[in-house]
Amino acid sequence: MTMITPSFPGNSLAVVLQRRDWENPGVTQLNRLAAHPPFASWRNSEEARTDRPSQQLRSLNGEWRFAWFPAPEAVPESWLECDLPEADTVVVPSNWQMHGYDAPIYTNVTYPITVNPPFVPTENPTGCYSLTFNVDESWLQEGQTRIIFDGVNSAFHLWCNGRWVGYGQDSRLPSEFDLSAFLRAGENRLAVMVLRWSDGSYLEDQDMWRMSGIFRDVSLLHKPTTQISDFHVATRFNDDFSRAVLEAEVQMCGELRDYLRVTVSLWQGETQVASGTAPFGGEIIDERGGYADRVTLRLNVENPKLWSAEIPNLYRAVVELHTADGTLIEAEACDVGFREVRIENGLLLLNGKPLLIRGVNRHEHHPLHGQVMDEQTMVQDILLMKQNNFNAVRCSHYPNHPLWYTLCDRYGLYVVDEANIETHGMVPMNRLTDDPRWLPAMSERVTRMVQRDRNHPSVIIWSLGNESGHGANHDALYRWIKSVDPSRPVQYEGGGADTTATDIICPMYARVDEDQPFPAVPKWSIKKWLSLPGETRPLILCEYAHAMGNSLGGFAKYWQAFRQYPRLQGGFVWDWVDQSLIKYDENGNPWSAYGGDFGDTPNDRQFCMNGLVFADRTPHPALTEAKHQQQFFQFRLSGQTIEVTSEYLFRHSDNELLHWMVALDGKPLASGEVPLDVAPQGKQLIELPELPQPESAGQLWLTVRVVQPNATAWSEAGHISAWQQWRLAENLSVTLPAASHAIPHLTTSEMDFCIELGNKRWQFNRQSGFLSQMWIGDKKQLLTPLRDQFTRAPLDNDIGVSEATRIDPNAWVERWKAAGHYQAEAALLQCTADTLADAVLITTAHAWQHQGKTLFISRKTYRIDGSGQMAITVDVEVASDTPHPARIGLNCQLAQVAERVNWLGLGPQENYPDRLTAACFDRWDLPLSDMYTPYVFPSENGLRCGTRELNYGPHQWRGDFQFNISRYSQQQLMETSHRHLLHAEEGTWLNIDGFHMGIGGDDSWSPSVSAEFQLSAGRYHYQLVWCQK
C-alpha cells in the first residue's frame, strides 16, 4: 500500500466557506487518515512493552490563541497567516462555552437548531484556534508527522503555515492528518476553524449539554516512512479454555520490501509467553490472491490467565516492524486480555459463563470543565463504580476518550462501545437511517469506532447508536460489524429494541411486570419479552432505573427478576453523573446550574441531572441501594445457619471476611468473624453459635457484612462489599412503667386547653384544634402548630414532563394540585378535653377540605400522663375520589436548632419505602446538616423509615414511623429552583409520617410508583409518643 498524497481543494478561507463542507452529509472528512488503534511509534521494543512515554508522541495540549466569531463568514482571511488582535488565550482541551464564549445549551430530544438537514443556521458560532510550535529537525528529514485531534465539536478545517490541510467531523472520534508536506524548519503555525453546528450535528442529538471546541487531546506523532498502519489482536480458545491462540493481523504502508518482517511477542510482566515472526503477505482471499501489505500471526498460549471484570488479567502484545537482520523500524503495542464473548442458548457468555450485567450509563461530564475528561476523573469514576458493585459501563452515547478503554481494561469493567449516532429529535426518528444519503456519515461513525477500539478486551458489545429509529443504514452497519468482528455481539435499541439489527433485546425503561403499549414500538414487560413467540435472545436493559433526583424506587424488583430469569441478564442504570455545571454569583460563589441557567433555548431544565452521583462525584443516597442490590454475595438465614452464595463467575473469595453481629435496638450482644472461602458460583455454610435471648424489650437484629481486609486496585482496606440484615425477634416490655404520683393539670379557657405538669406545658387551640405550643420552663418549643400533612415537595418523578407551558394531568403533582391537596384547609369537627385518673386526654377531628370538598378526615387523641409523655393516636380516612396522597403524617417547626440527630431505625442514608433494602436498622447519630440531601433541584428529601425512636434537642419521639428533619420547609423546597437559593429557616422543620408513598424511578416522565407503594388503603392508623428526655 502506497502513502496517500494529500489533496488540496483550496488554501483560502474564501474557498472553504464557499464549499460549505459542513452542510454536505457526503463529506465527512477531507484528507483524514484511516482509523486505527492508538499509536505511539516506539523505536525501542522495551519501551513499548512497558508502555513508557514515546519520544515520537508529543502533546500539543496547553495554551492556544483563540478568537470567537458569530459565524464562519465573519472570520477574516488574515487569520490564516497571523493571530488576530482580539484573540485571547484558552486552554486546549476545553469547551469554549466554559470560558465565557457563547452559551452551553442543554436539551434532551429537541434539536438546538431548526431541523432542516443537512443545513445549519447562518449564525453558526465559530472558534478560531491557533498555535505556534517547533518540531524536531529530524522529523523534517524523514518519516511522516501526523497531527491527531482526539475530539473536536462539531466540525473543523485545519491549516498549517497558511496552507489548508483538511477537514473533519464526528466530534467523538479522532481526526488525524499528515502534516509532513506542510511543516518547515523553525516555527510552524496551526490554524483550526471550529464550527459549532454542522450536518454532523443532526447525528449528535444526545441528551446532554451541547458544547463546542477542541475538547480532547491534540498531539503530534512521528512515524517512519515505512510503518505499521494498523494492527488487530483477537483471542481464540479450545472448549475448556486451557489453550488459546493470540491472532494478530498487522498491516503496513510505505515501501513494501521483501526484507521487511513483523514480530509479535506476548508478554506477561517481564516474561515472554510467546513470539512469532513472519514476512508480509496475507492469506489467500480469493482467486486473485491475498493482501501483500498484511500478515496474520498466530501465537499458541497454554493455560492463559483469562480476562474478566472480576480478574482483569492482562498481557502485553508488542508488534515490531523490522528488517530481516532484526533492525527495528518501529514498534506498536497494546494490552491483551484473553477472553471470549458469545451468545449461546439465549445467554450472553463470557469465557463460557453467563454474565449478569451490573451496568451504568456514563456521559463524559465535569462540572468545571464541561465535556473535557482528565485521567483523575476517569479513574475516580471507575473506582466508584467498582466500589459500588458495578461491573459494566455503557459509553452513552458516543465513543469515549481513548484512555477510558485502557483504564477499563486494567481495572476491570465491561464496556458497551456506542457509535456517535442519535437522531432523537427527528420526526420520524428513523428519518436519517432510512436515507441512503446519510449512510456514509453513519458508516464512518461505526466503522471508525470499531477500528479504533477493537483491541480492548473490556469492549464486549458494540452499539450502533441510540434513539435513532431503525432503518436500512443501521441494518447495513450491523452486517458490516458482524463481518469484520464476529467476536462481539451488536446491540441497538432503536426501532423497538428487538429488531434484526441487534443480537440482544436491549429496551430502555421497560418495566418488570407492566406493558407499555407505545405506538409502533411497544415496550413489553421484561418478563413478557422473553416469552414472545420465536424470541430466543438475551435481554439486557440498555437504560433502566432513571436516577433523576430523589429516585431509584423499585430498583429491587428488577434485581429479583434478573436473578429469577436467566435470560434477563441485567441492565445499565440511567445514569452515572449529574450533568450540572458550575456558575458563579456576583460574589464569586459557585453554584450548580442546569438547563436554561445560561439563557439557553430550547432547554429541558433539570432533566440533565439523572446521576447516581452529583457532578462532583459525591454519591447520591440511591447509589447505596444500587450497591446493595448488585452485591456479589447473597445470603440466606435458616435457623442459626447462614448460607453465603457467590455470584462471582471467576473469583474465588480470597480477600473477604464475614462479620456478624447480633444487636438489640442497636446495642451489640454478640459478634464474630469468619473467613469466606467460596468458589466462583459456590456456597458456604456458616454456623453461628447459640444466639443470645435478651430479656429486655426491643428488636433483635442479625447483621452480616463482607469486609475486604486488604486493599485492592480499586478499594481501600476495610471496604464493605456486601451486607444483609434479619430481624430475629421483637421482645415486648413486660414490666409496667413506674407509676407517677404527679397528675397533669387541665385549664380551660375560651381559646385554649392548657395542660401543666411540673415545668412543662402544652397548649391546644380550641379554634383550630391543633397543638399550638409547648413549653419547657419558660422556653417555647414550637414555632408552628403540629398539623396533619398529606403532601410533599414534588420529586422529579412526581413532576414527570409537566411544566408551566405543558401540563401533564397524569403527573402525580398535577393530580395532587387539581384535587387541592396542596391548598386543603382544616375544618375543625371536634376538640374536647377530658381529665382521666392519671392523665389528660385531648380529642380532635378535622376535615381537610378544598373548595367545599372533603379530602381527608383526621381524628387524633393526645394523652398526656403524669410522666410527661404525650401519646398521639391518629386515624385518617382518605376520600375515595381523591388521588392517593404523598404522605400521611404530622408536621411542625421546632424552635430548637440542635447540632445532631439521633435515631433508632433504618439508616444511615436517606431511604424511602420502595428504596430501603440497603438501609440497616441500628442506632444512628448524624449532624443535622447530614439529614438533608442537597439535590440541585430542591425536592422532598432526607426521609428515614422504620424508625422506633428519634432524639433531637430535648425531645424524643417513639413509635413506628418515618421522619425527615431539616432547616427547610416544604413550602421553601417547592418554591426554590436551585439548592444554593435555599436559606436556613428559623428553628427546625420536622415531618413525622405514619405512611409515605414510594418515590418511583422506573422512569421520570410517567407515574412509576408501584401499586404496593402507593397509599391506596383508604383508612390509616398510627401512633407515637412524644416526650422530653
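Here the Cβ of each residue, glycine as well, is placed from N, Cα and C on the backbone.
Mg(2+) 1 binding, as stated in Swiss-Prot, involves Glu422, His424; the candidate among Glu375, Glu467 given for that site is Glu467.
Take the Na(+) site that Swiss-Prot assigns to Phe607, Asn610: the candidate from Asp205, Asp207, Asp1002 listed for it is Asp207.
Matching Trp1005, Trp1026 to the substrate binding residues that Swiss-Prot gives (Asn108, Asp207, Glu467, Glu543, Tyr544, Ala545, His546, Asn610) identifies Trp1005. Of Asp207, His363, Glu543, Tyr544, Asn610, all annotated as recorded positions, the residue with the shortest Cα distance to Glu422 (Mg(2+) 1 binding site) is Asp207.
Using His546 (substrate binding site) as the reference Cα, a 10 A cut-off selects Asn610 from the binding-site residues Asp207, His424, Asn603, Asn610. Other C-beta atoms found within 10 angstroms of the C-beta of His397 (site 'Transition state stabilizer') number 25, with every protein chain shown included. In the three-state DSSP assignment, the secondary structure recorded for Glu422 (Mg(2+) 1 binding site) is strand. A simple way to gauge crowding: the CB of Asn610 (Na(+) binding site) has 25 other CB atoms within 10 angstroms, across all the protein chains here. Within 10 Å of Asn108 (substrate binding site), counting C-alpha to C-alpha distances, fall the following of the recorded positions His363, His397, His424, Glu543, Phe607, Asn610: His424, Phe607. The record assigns Asn108, Asp207, Glu467, Glu543, Tyr544, Ala545, His546, Asn610, Trp1005 to the substrate site; their largest pairwise CA distance measures 18 Å. Rounded to a whole number, the C-alpha distance linking Asn603 (Mg(2+) 2 binding site) with Glu467 (active site, proton donor) is 19 angstrom.
When the Cα atoms are compared, His363 (site 'Transition state stabilizer') and Asp207 (Na(+) binding site) turn out to be 9 Å apart. Around Glu467 (active site, proton donor), the same-chain residues at least 6 positions away in sequence with a Cβ under 8 Å from its Cβ are Asp205, His397, Glu422, Thr423, His424, Met429, Glu493, Gly494.
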